[in-house]
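Chemist: OK, Swiss-Prot features for this one:
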type	residues	note
ACT_SITE	His71	active site, proton acceptor
BINDING	Asp72, Gly86, Asp88, Ser90	Ca(2+) 1 binding site
BINDING	His197	heme b binding site
DISULFID	Cys28-Cys40	disulfide bond
DISULFID	Cys39-Cys312	disulfide bond
DISULFID	Cys58-Cys141	disulfide bond
DISULFID	Cys277-Cys342	disulfide bond
DISULFID	Cys364-Cys371	disulfide bond
Amino acid sequence: MAFASSLLALVALAAVTSAAPATTQATCPDGTKVNNAACCAFIPLAQDLQETIFQNDCGEDAHEVIRLTFHDAIAISQSKGPSAGGADGSMLLFPTIEPNFSANNGIDDSVNNLIPFMQKHNTISAGDIVQFTGAVALTNCPGAPQLEFLARRPNKTIPAIDGLIPEPQDSVTSILERFKDAGNFSPFEVVSLLASHSVARADKVDETIDAAPFDTTPFVFDTQIFLEVLLKGVGFPGTRTTRGEVASPLPLTSGSDTGELRLQSDFALARDERTACIWQGFVNEQALMASFKAAMRKLAVLGQHRNTLIDCSDVVPAPKPAVNKPASFPATTGPQDLELSCNTKPFPSLSVDAGAQQTLIPHCSDGDMTCQSVQFNGPA
């Protein structure tokens, strides 16, 4: 569609400020050739992360670390003074402070899981560990882009300021202003970053339910999130006891297979005149999901100077290939359930999944009810 083409053009026009020039190419101990010898340290870290935490799965441990990369980076402010915050690993360096901010509820699991890696791979800074771990986690999610990774962030000595992380109950105006203050993010970049909600689940929005997914394919980096947030809500997967949640189109829950939870902020961004057409433009446009990479390229260096960092993107593992399944209306939903606020662009023609009843969203990527997960004890 024409709108998708224009958005792809915006992705292509992303800033191309270079990192520090690579030094002489090097061969790492395992035989991998890299553009800078400093990148070799991340190869055993990637292997350690996959074997110890992720098991090459786009599961809960991967989801939580991807969330950590965002929460660590966005806590910086141009208006309040960027003396602290940004993508600096301060979540790991101050585990008894930042994880206790209300917006970071539940992030202690990923913080505690990464602290041992900071100790074991002690030549790598906390900020590098957070962003590299997020890049590795994302490679386990089919369809995800291979993120840029720049190394040699210094360790910070003070924690970030509280109150800088957007929350699901925030208004669209508040969210857009927060992103602008953090790093001059455009509305398109904000929506692009929310592509990560395609592989996300919530434990703390409604604490009566566990690992509530935001779409029906939480283990695949696809565009279902952008379609399903546009559908009419009919109920709640849990008890609706907290702020930040609105009715979901697919709330059916059975045992550990939790129904879809809809964030109030996603609902609002999909319907606001400033972002509705951007949101709608992502539906069934898998190529546009690559804009997440461009937006993360910017987010991952907030508070840093790109020209002092080293490009180690060549040690980020190759992601799993896309599933290549077009977006579709889940069973029991259809075009009649769309709540569209963008009237200037045509909506794509999509198929409807067969079934007279709502299909349960599996708790685990293999369809099982019990998933292997890692949880280390720690200070957070």
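Note that Cβ sites are derived from N, Cα and C of the backbone, with glycine treated the same way.
Could you give the neighbours, burial and distances for every feature on this list?
Modeler: Counting every protein chain shown, 22 other Cβ atoms lie within 10 Å of the Cβ of His71 (active site, proton acceptor).
The Cβ of Asp88 (Ca(2+) 1 binding site) lies under 8 Å from the Cβ of Asp72, Ala126, Gly127, Arg153, Pro154, Asn155, Lys156, Ala160, Gly303, Gln304, each of these being in the same chain and 6 or more residues away along the sequence.
Secondary structure at His197 (heme b binding site), as computed by DSSP, is helix.
Following the DSSP three-state reduction, the secondary structure of Cys28 (disulfide bond) is coil.
Every protein chain shown contributes to the tally, and the Cβ of Cys312 (disulfide bond) ends up with 26 other Cβ atoms within 10 Å.
Under DSSP, Cys58 (disulfide bond) is assigned to coil, being neither helix nor strand in the three-state scheme. The 10 Å shell around the Cβ of Cys58 (disulfide bond) contains 25 further Cβ atoms across the protein chains shown.
If you draw a 10 Å sphere around the CB of Cys277 (disulfide bond), it holds 18 other CB atoms from the protein chains shown.
In the three-state DSSP classification, Cys364 (disulfide bond) falls within coil.
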Chemist: Of the recorded positions listed here (Ser90, Cys312, Cys342), which is spatially closest to Cys141 (disulfide bond) when Cα positions are compared?
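Modeler: That would be Cys312, nearest by Cα distance.
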Chemist: Test of understanding: give the count of other CB atoms lying within 10 angstroms of the CB of Cys39 (disulfide bond).
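Modeler: So the Cβ neighbour count for Cys39 (disulfide bond) comes to 23.
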Chemist: List which of the recorded positions Cys28, His71, His197, Cys277, Cys312, Cys342 have their Cα within 10 Å of the Cα of Gly86 (Ca(2+) 1 binding site), in sequence order.
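Modeler: For Gly86 (Ca(2+) 1 binding site), the recorded positions whose Cα atoms are within 10 Å come to His71.
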Chemist: How many Å separate the Cα atoms of Cys371 (disulfide bond) and His71 (active site, proton acceptor)?
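Modeler: Cys371 (disulfide bond) to His71 (active site, proton acceptor), Cα-Cα distance: 25 Å.
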Chemist: Non-local Cβ contacts of Cys28 (disulfide bond) (under 8 Å, 6 or more apart, same chain)?
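Modeler: When sequence neighbours closer than 6 are ignored, Cys28 (disulfide bond) has Val34, Ala37, Cys39, Cys40, Ile43 within Cβ distance under 8 Å.
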